[in-house]
Amino acid sequence: MSRRDDRSDTLICSFCGKSQEEVKKLIAGPTVYICDECIELCNDIIAEESKLEDATATDVRKLPKPQEIKEVLDEYVIGQSRAKKVLAVAVYNHYKRVEAAVKPGDVEMQKSNILLLGPTGSGKTLLAQTLARILKVPFAMADATNLTEAGYVGEDVENIILTLLQASDYDVEKAQKGIIYIDEIDKIARKSDSPSITRDVSGEGVQQALLKIIEGTVASVPPKGGRKHPQQEFLKVDTTNILFICGGAFPGLDSIIQQRIGVKTLGFGADVKKKVEKKAGELLAGVTPEDLLKFGFIPEFVGRLPMLASLSELDEEAMVQILKEPKNALIKQYQKLFDMEHVKLKFTDGSLVAIAREALKRKTGARGLRSILENAMLDIMYEIPSQSMVKEVVINEEVIYSKEKPIIVYENVAESA
């Protein structure tokens, strides 16, 4: 590179071409010159690269430990202690593997994808969402019942990756370390445990389509979703380090486990059957890969989900705890809304039990709690903003069972509404 302008004795920067009159400082080397502006730019580039290297080196140390992960899960999800431990360990090991620099000859560590088994409303989705929040990674959720294998009417499995990309603002690097939760995974089991000779586009076919992205592949994702066509441009996403959590209720799986362990359910065993049904959650806790094969999953798919965690059905006591104890408990949310109106909201113990019992009748687990509360609270939430001098609102069991109006306490006078 020239160190002088050929037309004069003016010195110029060998990198940007600016003359010594255009810059503050020009530093000479053996055959080149560099200006202060280029030096500053080089410093910025080096500093940025150092930050990235430091971040990679310290991410493993910043990763929450399994006990810390479970403690945060306890703040949002009631019960399910063993499932939380399985999730905490699996997630910790997964991200430890992701952040560790793999050297030639190192032991190859496989992904710790997770299968959650448990009844509707037992907390499967909430656990997955909370994990993503703890780890500050993008989270996407998909419904397995909408998926079909490529070429059939329905949603391509690659669109799951698109949802994760959208959650990470199309930052491919961030998306490649995200979490995907696939709900209703039991719905893609084939209809029998023998291989099908006909096309099963929403069962075994979907399992085959999911295999590669769950294990790890470079997926071609249409930026706007929908079906692929040859003229389209695709985003390339490596799914190797994406953690997949699959969940489902698995109705009938407990019967398969009963048959395997030899529980008597006929004749004189009628009483035994009643006891076993009460402990369906305990049966699911003993699930094996062979049980999942009989349920209708192909061996390769079961092999991609090595971590199994079962969730038990919620009882009345757990439902009451869910209403009032978690950080985002429904009762706390409603009380906050009333606080904004400068009104105290109180729920009696009887009202909480009534809400829990109504939810248990609906057999929708914790999901039913919100709709019961919304229905009970609608009228009072409509009226309170327009009323003055209201000091307190009390919700008792009659509001839930008999649709009676809540008790309203005014600033100076207490009376029933």
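Each residue, glycine too, has its Cβ placed from N, Cα and C.
Under the heading domain 'ClpX-type ZB', Swiss-Prot lists 1-54.
As annotated by Swiss-Prot, Zn(2+) binding site applies to Cys13, Cys16, Cys35, Cys38, with the evidence given as sequence analysis. A 10 Å cutoff on Cβ-Cβ distances gives Cys35 (Zn(2+) binding site) a total of 24 other Cβ atoms nearby, all chains included.
Other Cβ atoms within 10 Å of the Cβ of Leu126 (ATP binding site) number 20 in total over all chains. According to its DSSP assignment, Leu126 (ATP binding site) is helical. Residues or ranges marked as ATP binding site by Swiss-Prot on the basis of sequence analysis: Pro119, Thr120, Gly121, Ser122, Gly123, Lys124, Thr125, Leu126.
Listed in chain order, the residues near the ATP site other than Pro119, Thr120, Gly121, Ser122, Gly123, Lys124, Thr125, Leu126 are Gly118, Gly247, Leu311, Gly365, Ala366, Arg367, each with its Cβ within 8 Å of the site Cβ centroid. One way to see the shell of the Zn(2+) site is to take the Cβ centroid of Cys13, Cys16, Cys35, Cys38; the remaining same-chain residues with a Cβ within 8 Å of it are Ser14, Phe15, Gly17, Lys18, Val23, Leu26, Tyr33, Ile34, Asp36, Glu37, Ile39. The Cβ of Cys16 (Zn(2+) binding site) lies under 8 Å from the Cβ of Cys35, Glu37, Cys38, each of which sits 6+ residues away along the same chain. Annotated pair Thr120 (ATP binding site) and Cys13 (Zn(2+) binding site), C-alpha to C-alpha distance, rounded: 69 Å. DSSP classifies Pro119 (ATP binding site) as coil under the three-state reduction.
In this structure the alpha carbons, written CA, of Cys13 (Zn(2+) binding site) and Pro119 (ATP binding site) are 70 Å apart.
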